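Noted in TrEMBL for the protein shown:
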- 2-109: domain 'Threonine/Serine exporter ThrE' (DOMAIN)
- 5-22: transmembrane segment (TRANSMEM)
- 28-45: transmembrane segment (TRANSMEM)
- 57-75: transmembrane segment (TRANSMEM)
- 95-116: transmembrane segment (TRANSMEM)
Amino acid sequence: MKKKYLPLAAAGGFISWMVFLLGKGLRGNVFLPSLLAGFIVDVYAEILARICKETSTSFFVTSVIPLIPGSTLYYCMNSIVEGNTVQALEYGRDTFLFAFGIAAGMSIAWAICYFLRSIKKK
């Protein structure tokens, strides 16, 4: 990625976190907000890739970094080490839902973008 596109990539990280926070405010769990954030960020990356003539992956990876569930994974492992299985299961569930939401959101966006590109070619 060219240096001149770094602010756009950083803006993607800001967008992903804001979408997640807004979604979390409306809905208490982490799955739907992370699904929505993953979807929005992937659409953002696809649009920027077309405008800037770069790969969408370079924009997507930098934009999704704030969504990575590192803290819940850490707390899950810490709870396992401390022997607190109930809390470990809660953090493990949240980590899984977070990661699955991001993956599902970006998969849905990829499928829609692929479908739209195939229609455009015809």
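Cβ atoms here come from the backbone N, Cα and C positions, even for glycine.
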Can you give me the average pLDDT across the domain 'Threonine/Serine exporter ThrE' (2-109), rounded to a whole number?
91
With DSSP helix as H/G/I and strand as E/B, how many residues of the domain 'Threonine/Serine exporter ThrE' (2-109) fall in helix, strand and coil?
96 helix, 0 strand, 12 coil
